[in-house]
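Here is the structure we will look at, set down as structure tokens.
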Amino acid sequence: MRRHLSLFLGSLVIGLALLIAPAASWAYPFWAQQNYDSPREATGKIVCANCHLAKKLTQAEVPQSVLPDSVFTASVRVPYENGLQEIGADGSDVGLQVGAVVMLPDGFTLAPQDRWTDEIKEETEGVYFTQYSDEQPNILLVGPIPGDEHQEIVFPVLSPDPATDSNIHFGKYQIHVGGNRGRGQVYPTGDKSNNTIYTAPASGTIASIEPGDNGASVVSIKAADGSSVSETIPVGPEVLVSVGDSIEAGTALTNDPNVGGFGQVDAEIVLQNPVRIYGLLAFFAAVALAQIMLVLKKRQIEKVQAAEGV
């Protein structure tokens with residue numbers, strides 16, 4: 001019930017955002033939240049790539065190892081050139097927004113705010129975290145947020161404690177990370193956005209280019225057999241063809257306005273058993289003590305030999 005309610009509220013927010021602020025660019029990880037039980041397919045692909053078709057660099061940084069019941073940060077970098085703009089839903093130039101998804105191992109969750117350090121509070125200012133679902137608190141989402149201010153997104157994470165949860169074990173785990181900047185090229189419905197290239201659906205000759213609704217252009221193509229087919233190009237992409245041009249199916253009718261893209265990366269983290277650390281420290285201490293004893297013994301022998309005139 002709570003999941004259905006959260007999905008309904010998410011749909012309502014999306015609808016209002018598109019109606020009230022159509023010029024805003026989007027990088028909504030919760031598109032995936034509403035359409036997929038898990039953001040990662042069996043192939044390993046994060047589903048955001050189904051709508052954000054361009055591949056871009058995403059970087060992740062996590063500690064090599066952490067202790068049980070400790071707070072650490074996972075940083076996701078979504079780099080792009082500052083000040084870069086893209087085509088908004090209404091065809092105007094808008095700044096890029098970013099979003100990220102972090103799939104933590106089972107048991108790892110968003111750290112409670114009362115355990116955030118002052119540094120974490122400063123690094124996460126203006127960032128709102130949500131979990132993928134009530135059943136998956138280990139999958140965290142952020143976005144959309146202004147990209148120029150948040151090209152690095154810091155996730156405060158709480159590690160689990162095997163002493164209090166028998167399902168958790170010490171060892172090495174994988175973290176799956178996805179990061180996006182800018183709008184997608186395809187909506188979850190399968191429809192194209194105005195942030196993508198449009199191509200000819202058939203071979204033939206450009207018969208006409210007429211204005212359509214809301215600033216769109218309707219390109220009519222007359223095929224060799226006399227039939228006609230049209231392609232509606234929304235406001236935003238630049239039409240590259242002219243009336244009378246001969247084209248083949250798949251020929252680009254517009255430029256590609258997209259400047260954003262999605263990337264994913266995996267990272268590894270070790271949930272370290274503190275007993276092993278204590279044992280390792282004890283071993284190092286024993287080795288150091290043995291070295292000291294050997295040095296002292298050697299000096300003692302040298303003194304005895306010197307006294308005996310050897």
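One-based numbering along the chain as shown.
Yeah, the Cβs are placed from backbone N, Cα and C, and that goes for glycine too.
Given the structure is predicted, the values throughout are model-derived calculations rather than measurements.
Features reported for this protein in Swiss-Prot:
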- 1-27: signal peptide (SIGNAL)
- Y28, C48, C51, H52: heme binding site (BINDING)
- 277-297: transmembrane segment (TRANSMEM)
Practice task
Residue list, the transmembrane segment (277-297) vs rest of chain: Cβ under 8 Å, 6 or more residues beyond ends.
Solution key: 67
Handout entry: Lowest local Cβ density (other Cβ within 10 Å) among binding-site residues: C48, C51
Key = C51
Exercise for the section: Across all the protein chains here, work out how many other Cβ atoms are within 10 Å of the Cβ of H52 (heme binding site). Expected result: 27
